[in-house]
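> Take this structure, written in structure tokens, and hold onto it; I'll ask about it next.
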Ligand code: NM2
């Protein structure tokens with residue numbers, strides 16, 4: 001078949017084998033599997049935790065430098081081209097591309113984990129713990145996180161618009177550094193590792209999202225959550241996406257994303273208006289200041305010593321900051337490909353500052369409104385979120401928070417629909433990218449069976465992870481998947497710097513020739 005010739009089989013088989021190599025033993029030997037997964041988690045986070053922190057922090061500094069240097073003035077597209085989308089639409093699309101159902105989950109509940117197990121040796125549930133609880137989430141979904149998202153967009157968009165070379169593969173964006181190796185095994189390994197990372201990151205997302213939806217369904221219908229229900233939910237989300245992809249209705253997903261944006265905005269405005277508005281506004285603003293005050297401290301906290309005794313650790317930085325940076329990292333090249341597509345006509349500076357600012361503000365709204373509402377319930381004693389969290393788990397606690405709102409059934413329904421659409425769009429965008437990477441060439445869209453294949457493959461890891469269970473297990477998928485991405489991110493940065501330097505040398509040379517001609 002002609003279609004099959006388009007498939008880049010070594011990458012296809014490489015990524016699939018790696019996926020099965022991880023998933024199959026875990027299903028066959030779940031008990032040993034759990035031990036191995038947790039060992040892998042602590043090995044990477046304890047031995048290399050600092051590396052993730054250094055990377056996150058450096059990426060932010062690097063981006064700010066690029067934005068304000070002459071490189072920031074490079075325009076993505078020809079000089080006369082105007083930005084394709086208005087800034088608001090651009091910001092909304094950017095946010096939707098990078099953020100999925102996880103913000104519903106963590107936005108609502110992250111504070112509760114910090115409140116009961118705070119950082120810096122702070123007394124649990126103390127006044128100080130409240131401050132950190134309301135702040136740390138915003139930090140983990142803040143400027144460093146969005147900087148990690150933005151970095152791959154630099155080389156990719158530069159090649160796409162300025163050099164006019166469409167980049168659909170991450171290996172291609174590394175070409176200025178690795179040269180001809182891009183076309184050999186090294187290039188393929190880069191792509192396979194990127195795919196593996198994305199499968200891991202999506203694994204974490206889907207394994208968190210499915211039980212959340214199950215809990216919403218339980219609230220609405222009384223059906224008890226179970227592994228079967230989780231599996232059905234993942235299948236339904238795949239099917240929603242598959243139907244629109246199969247019928248060629250690209251618009252289907254676009255419509256879903258729009259509905260999501262409206263529903264999410266309505267939801268947040270509703271909670272803000274009928275909830276404790278002043279408390280929400282004050283706590284959010286206060287947390288922004290608190291975060292800025294402690295930004296460097298949080299960005300570099302490795303917990304080398306604390307009150308527990310020498311070499312005793314709470315594991316806070318590993319369980320949270322390192323996990324988060326890894327999780328953003330695995331999605332970053334994929335977001336980079338998307339941001340590139342929507343950024344025609346903008347300058348690199350606009351792209352960087354837009355991502356950092358709008359991304360951070362978007363997350364701030366979710367955490368500030370949804371998270372602080374839960375905190376309010378806890379502090380006033382109206383509803384003990386932490387108790388439910390301890391006894392029944394996070395999804396039940398989240399639904400419990402929502403049930404404290406007026407029209408609670410409607411709100412739970414909206415929330416559950418939001419989570420379902422978010423998951424369906426995660427399947428859509430991730431399978432699009434996975435399928436594109438394993439093709440030699442993409443005409444219009446990746447081949448249909450190829451997309452569907454990756455959409456279904458995306459469920460393999462979350463199903464395995466949910467089967468084993470435990471938050472650390474889910475986190476491990478991103479942490480392990482994200483590890484090779486550290487090196488790839490460094491490669492991408494060097495690649496960008498190298499190309500834009502050459503760009504300016506070339507411009508100067510052209511100017512000199514022009515000057516000579518004039519004189
Ligand atoms: N990030 C933003 O599940 C999702 O929301 C996708 C998750 C990396 C934490 C992205």
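For all residues, glycine too, the Cβ spot is worked out from N, Cα and C.
Reproduced below are the annotations present in TrEMBL:
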- 12-29: transmembrane segment (TRANSMEM)
- 49-68: transmembrane segment (TRANSMEM)
- 88-109: transmembrane segment (TRANSMEM)
- 144-162: transmembrane segment (TRANSMEM)
- 192-217: transmembrane segment (TRANSMEM)
- 229-249: transmembrane segment (TRANSMEM)
- 261-281: transmembrane segment (TRANSMEM)
- 322-340: transmembrane segment (TRANSMEM)
- 352-377: transmembrane segment (TRANSMEM)
- 410-431: transmembrane segment (TRANSMEM)
- 452-471: transmembrane segment (TRANSMEM)
- 477-500: transmembrane segment (TRANSMEM)
> Taking a Cβ cut-off under 8 Å, which residues six or more beyond the ends of the transmembrane segment (49-68) line up next to it in the same chain?
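The answer is 143-145, 147-148, 150-151, 154, 299-302, 317-318, 321-322, 325-326, 329, 348-349, 352-353, 356, 482, 486, 489-490, 493, 496.
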> Can we call the transmembrane segment (12-29) and the transmembrane segment (352-377) in contact, meaning three or more C-beta pairs below 8 angstroms at a sequence separation of 6+?
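Judged by the Cβ rule, the two regions do not touch, with the required three close pairs absent.
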> Rank 88-109, 192-217, 352-377, 410-431, 477-500 by Cβ pairs under 8 Å to the transmembrane segment (322-340) and hand me the top one.
477-500
> Would you call the transmembrane segment (261-281) and the transmembrane segment (352-377) in contact, using three or more Cβ pairs under 8 Å, pairs 6 or more apart in sequence?
yes
> Please check if the transmembrane segment (477-500) comes into contact with the transmembrane segment (192-217), where contact means 3 or more CB pairs closer than 8 Å and the residues in each pair are separated by 6 or more positions.
yes
> Could you pull out which residues elsewhere in the chain have a CB under 8 Å from any CB of the transmembrane segment (352-377), counting only those six or more residues past its ends?
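Sequence-remote neighbours of the transmembrane segment (352-377) are 60, 63-64, 66-67, 72, 87, 90-91, 94-95, 98-99, 103-104, 107-112, 115, 130, 133-134, 137-138, 141-143, 145-147, 149-150, 153-154, 268, 271-272, 275-276, 279-281, 283-284, 287-288, 339, 346, 383-385, 397, 401, 404.
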> Same chain, outside the transmembrane segment (410-431) by at least 6, Cβ under 8 Å from its Cβ: which residues?
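Same-chain residues near the transmembrane segment (410-431) but 6 or more away: 96-97, 100-101, 104, 198, 202, 205-206, 209-210, 212-213, 216-217, 219-220, 233-234, 236-238, 240-241, 244-245, 253, 256-257, 259-260, 263-264, 266-267, 270, 334, 338, 399, 402-403, 451-452, 454-455, 458.
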